[in-house]
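According to TrEMBL, the features are:
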{"type": "COMPBIAS", "residues": "146-158", "note": "compositional bias 'Low complexity'"}
{"type": "COMPBIAS", "residues": "161-179", "note": "compositional bias 'Basic and acidic residues'"}
{"type": "DOMAIN", "residues": "13-139", "note": "domain 'Paired'"}
{"type": "REGION", "residues": "146-179", "note": "region 'Disordered'"}
């Protein structure tokens with residue numbers, strides 16, 4: 001019963017009771033230990049409904065675990081299919097940067113169109129407007145990082161010595177410039 005209490009505490013409000021009066025969290029996969037046990041019992045000839053009663057897991061859950069195991073040979077749960085992340089190739093990123101440099105006010109949909117018209121990409125591999133916007137944000141943040149680092153580290157000799165004096169003043173509690 002400790003497992004049930006832990007389940008209740010960690011997922012308060014999200015736990016449900018199945019047909020066999022056992023707790024479960026809807027949408028979360030069955031633990032690997034339970035999945036392994038289902039497969040072992042099935043290999044030993046136990047019927048699906050008997051496995052269900054024995055482990056207090058619904059018939060449909062046992063059926064899904066076994067079907068997935070017979071199909072893939074894996075006890076791991078199926079992965080949730082999300083949106084596929086598309087990697088934008090380096091040459092396409094360069095072209096996007098070039099278009100943005102040539103026309104700073106260009107929209108992502110215009111870039112998408114140009115990539116197709118100029119045969120840089122085809123309909124199968126052209127990045128989405130969302131992907132293009134992401135590339136543009138990354139390019140912008142990289143250019144800001146480059147500007148910041150170059151401004152921070154490339155100071156002239158005179159301003160560098162002045163900065164040292166100002167830093168020393170701050171460290172020692174003085175607020176005047178020592179020349």
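A Cβ is built for glycine as well, from the same backbone N, Cα and C atoms used for every other residue.
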### Helix, strand and coil residues within the domain 'Paired' (13-139) as assigned by DSSP
68 helix, 6 strand, 53 coil
### Task
Could you tell me the mean pLDDT over the domain 'Paired' (13-139), as a whole number?
83
